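I have placed the structure first, in the form of structure tokens, so that the comments after it can refer back to it.
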Amino acid sequence: MKALHFGAGNIGRGFIGKLLADAGVQLTFADVNQAVLDALNARGTYPVHVVGEQAQIEIVNGVNAVHSSSDDIIALIAEVDIVTTAVGPQILERIAAGMAQGIAKRSDNANSRPLNIIACENMVRGTTQLKAHVLKALPERYHAWLEEHVGFVDSAVDRIVPPSAADSSDPLEVTVETFSEWIVDKTQFKGEPPTIPGMELTDNLMAFVERKLFTLNTGHAIAAYLGQLAGHKTIREAIMDKKVRAIVQGAMEESGAVLIKRYGFAADKHAAYIQKIINRFENPYLIDDVERVGRQPLRKLSAGDRLIKPTLGTLEYHLPNNNLVTGIAAALLYRNEGDPQAIELAGLLSRQDVATTLVHISGLDKDSDVVKAVVKAVNALA
């Protein structure tokens, strides 16, 4: 089995690429970072530091790499069995044109073996969005062939992979936590789904997408925003602060009540899942910077993301949301001179009031109780 993985960054190398290579898949990375590409091609191998109670170094072997904008991409997509991505939601549209050219070539070559594409991004139904970009770039005469032979498989992914230490001299070295979860929608594959240890199949993906978004992502973001306000540098420092921890746990319990109503999760099992995530935030071996985790606050405050979406769920089911409201308020107060969205957010707040800014970003109703509650919480935190 052959695979092409877009994104040779930390998540690509430390999570999805590693699972594919460990499964014996012949793996090629695609990226734009020439230093990483050169190192992968020179060595064909790289170390992954898996950190937890039993820290270990695992070696990934038998990989190579190509530049994302090269014609190699077209030839590879024409022949591989799987394409995966870990590039960031905003980059999917950029890689769609090369994918479309590869799919056209695959059709021209009469290669009727199934091709399955899986976007492994922090977003809801990311592969479905990628498919829309690919269809836009693909001449219409190929659309029917694509529908017959190419599967676009949505997934939910979860593994904390912080950036490499600044003093690391190895461009391929990556550190990951022990925990990982990759869940894919088995109903969307063309042909038989591949057997890849660490990739779980489900026919109820949205339950797992929202479980992860409403718990790991919600908790991670709120820990970062409250942590920054409290002067903490890392997620571990933030979660060890009793005041921060109480709000983070409370927010995950509020979003969890939505999940239990919506998907019928067992309350005791979900409570254990929340505790597992808090334990992951406490991991002393992960240096997870609050400024990094808090980046892109405009995206994180949008209607379909980790703060507003669970809050909308609490309104739908008439459930409490005090801690989620505090988390939204903390997000509005996030400041980072190195993040364009944080700068834009600060600019919006300098020109207009909190309620107008929140409504503009999130789509919430300006006259709603929840917007009034966020304004009150911002004033209390500021």
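Each residue, glycine too, has its Cβ placed from N, Cα and C.
In sequence order, GLY12, ILE16, GLY17, LEU20, LEU27, THR28, PHE29, ALA30, VAL83, THR84, THR85, ALA86 are the residues of the chain that are 6 or more apart from HIS5 (NAD(+) binding site) and have a CB within less than 8 Å of its CB. DSSP gives HIS5 (NAD(+) binding site) a strand state. Residues or ranges marked as NAD(+) binding site in Swiss-Prot: ALA3, LEU4, HIS5, PHE6, GLY7, ALA8, GLY9, ASN10, ILE11, GLY12, ARG13, GLY14.
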ARG13 (NAD(+) binding site): secondary structure state under DSSP, collapsed to three categories: helix
Proximal but sequence-remote residues of the same chain as ILE11 (NAD(+) binding site) (Cβ under 8 Å, at least 6 apart): ALA86, CYS120, VAL157, ARG159, VAL161
Around the Cβ of GLY7 (NAD(+) binding site), the count of other Cβ atoms that are within 10 Å: 25
Most Cβ neighbours inside 10 Å, all chains, among the binding-site residues ALA3, GLY9, ARG13: ARG13
